[in-house]
Structure formats: structure tokens, C-alpha cells
């Protein structure tokens, strides 16, 4: 009550002066508001003075209640409802605020209200990007396509870069990459942000080759890459194992001196070299980075892990504290646990899990338990893995049971596999991807245990449910070009030559004799 009392005292004092001074004082109070409690007190003063119906005055309240870190959207809506004549600016505040909330559909609600004002508040170039963000976050694909029609109808798509970018982001978020590409190709003067949005969308959908192609096309069209585009392109190279293209990007980066200024590009280079099999180059880049963060250390630890250097991975936990003054977080520790799992360091992995909270102040989460379960399963200690799951302080997720299921497959433990699948289906009820993976692994375990009837029953169940296993693929880079292969695929242009070489290898396993 003291806050409201103080404001009342100031109001009485200010009323003694002219109305202009009162107006200035009210606007200043709203602009300098620091929390919702104070804003509600200011709103009460607005109502007392009749300012709650003034469009400009209310905009000051809406700006804080809708867009600040203390946002209260239901209260924002109540303030908005008191305004007699709302303008485009006020509607845009509501549309923008709800677009990034857990209820993005309300952005469309306020857009429809805007259309009912008979052009008193007409949509502008700021309205549609917020609406498209709302549709992307929904995801509201049908409504987003309707917004696209509005954009074309109002001629924003041909001239406004923000609207064009929002359209690309909407379609990529909805995984409608063909539509995103159509919007991109219709843009006369593309910018680096639009390129990065399209690249990121393809990369998130597992289309790293296409993402890298977009990067190359962007440079060919004379658009200069920024640090975000370079990071995305390096991630695509890491995904594909495209070492030569990654090296070319590294040279491009060195010319621009970005490594010295951007820690994320340095970390992306480390990740790319490690995943492309060049751990020595990854280590060189890492050691040359003038600034490293926890993400950088986690990337280097993961690199050492996959290259079978657990001693170097674990030493990073100490080095990062001594060299950079950084304390390991959950992600760094997870990378170290993965190193233990890859190398079969059971004692070290279990000790790190048990002591991570006391040593580093990090509470173990599902991912950490999954990693140690995997470690124990690799060592054939399936019963110990189950005991660890049973004593978890939280309810195990599918990732934890999935680690146990993989171990059961490696050691042909049918009873534990059935238990793991049962738990996965309970946790991930309705998740077709998880069901598919669990059933496929269980059927393979049945086959390995010569329980063919059970394997056929599971396969029949998979077919009846319409589940399909996502096919795996392999990739190899030759002369800077990445070639991808999927089981049963006959589309490669050099298929005949590939089969001829494979036939020669089959006839003479000592391939050196053919050279």
C-alpha cells in the first residue's frame, strides 16, 4: 500500500500545478515503471484522471505490461479493452506480445479485431511479421498460409525484408521447406538473415547438404556471410563429414578474422574438425582461441570422446577451471560422461555421476543418468543399470529406458528388453517415433534370441500401426562433393561404376592388388 500512497501524495501535489505538468508526470511514471505492482498503481491513477481511454497514454502501460520481463498478458488485455479507439500501434503491441507467448493464437484474435475497425487500425508492415511468428510458434500452418495471402494482397512480400524473412521462418518452422524456398527464390535482393533462416531450417530437418548448397549460392550471389551463417555452414559440414568444404570455410573465416572475435565460430570449427576425423586440427583451433566459453569446452570434450581419448576429455574438467576460470556445467559434465561411456571407464563414470553435485554444484538430470546407464550396459552390467534407474530421484524418461533397451540388444536380454519397451510406451504415450524405435529394437532382440514367433508378432504390429523406421544413411566426400547413400537407393549417377568397383573388391579382398 505504501507504493500507492506515495503516488497519491504526488498526484495531489501535482494537481496544484497545471494539467500539462500532470500529463508529463503521468507519462514519466509509466515510462520508468519497474514492476507490475507499480504499473497497476499507475493504472489506477490513469483511471482516476480519465487517461485510461487515451490512446497514447495507454500505449505506455501496454508497452511495459506486454513486452517487459514482468509481462502480464491477461492484465494487458484488460487495459486494452478499456481504450475507446485503438490504433495500429496498440494492436501491434498485443499481437507481438502474444506471438511469443504460450498462446500465440491470441495474436490472430487481435488481428481479427483489427480488421473489424473499418480501417481505423489497418495492418502495416510490422503487423504481419508478428502474426507469422505466432503461426510458426503455434504451429498454425493453415492460418499462416492465410497470412501469406494477406501479405501478397497488401504488396508487402515484394518490398519488405522483415515480412519476407518472417515468411521464410514460418515455412521452415512448419517444415514446409519447398514453400520456404519458393518465397526465398522470389526475393530480388536477398540478405544474409534470410539465407541463414533458410539454411537453419534445412539443417534442423536433417538436410545438411541442401543447407550447405544455400550457403554456397549465397556467396555466389555476392551476399557476405555473417557469423551466424558461417556457424550454420560449419554445422552442416560437421553433419556431412565434408572436411574439404569445412577447411575452405575456415580459410574464408581467417581472412575475415572472425575466429578472433567470435567464440561460437571457433567452437563450430572445433566441432567440424572433430566430427570430420581431424582431432589434431580441432585441438589446434581450440588452443588458439583467445576466448572460450563452457560450450567451447564441451565441444572439445565431445571431440576427445569420439576419438577415444577419454584421459584428455576428463582432464578438461580441471583445465577449464585453471586456464579459463570456468566451472563445468551440466552440458560439460555430460560430454565427460560420454567420454567415459565410449572408453568403458566404469569407475570414473560412476564416480563423476555420484560427485558432480558436490564437486561442481550440478544436479544430475535425465541425460546424465542415461549416459551412465549406457556405460553400465556396454560393460554387460544390465542389472546394475536397472538398479541405477530405480534409484533415480525423478521419473525416468524414454531416453533412460532407451539406453537400457540398447544394452539389452547387445547382450540378448529379452526380459529386461520387454520391461524397457513397456516403460518407454508408458512415458512416450502417442509418440510414434519412440514407439517405432522401441518395437524395431524389440523385434531384433527376439530374432537374436531365436524367438521368431514373437519377432513376427512385433513386426506385424508395426505394420498394422503404420509405423516406419527412419532409414539411416552414410556419406562420403570426394573432391569437395558429398555423396549420400541410403539402403536400397539406386539414384546415384555413378551407380554402375560403384558396383563395378564393389564387385572387384568382392573378388579380391586385397584391394591393393588391383592398383
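A Cβ is built for glycine as well, from the same backbone N, Cα and C atoms used for every other residue.
As given in TrEMBL:
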REPEAT    191-225  repeat 'PPR'
REPEAT    293-328  repeat 'PPR'
REPEAT    365-395  repeat 'PPR'
Distal contacts, the repeat 'PPR' (293-328) - CB-CB under 8 A, six or more residues away
263-264, 266-267, 270-271, 273-275, 279, 282-283, 286, 334-336, 338-340, 342-343, 345, 348, 360-362
Please indicate, using numbers and ranges, the residues of the same chain that are 6 or more beyond the repeat 'PPR' (191-225) and have a C-beta under 8 Å from a C-beta there.
161, 164-165, 168-169, 171-173, 175, 177, 180-181, 184, 232-233, 235-237, 239-240, 242, 245, 252, 482, 484
Looking only at the repeat 'PPR' (293-328), what are its DSSP counts of helix, strand and coil residues?
27 helix, 0 strand, 9 coil
Average pLDDT across the repeat 'PPR' (293-328), rounded to a whole number:
93
Where DSSP helix means H, G or I and strand means E or B, what are the helix, strand and coil counts for the repeat 'PPR' (191-225)?
26 helix, 0 strand, 9 coil
DSSP composition of the repeat 'PPR' (365-395), residue counts helix/strand/coil, works out to 22 helix, 0 strand, 9 coil
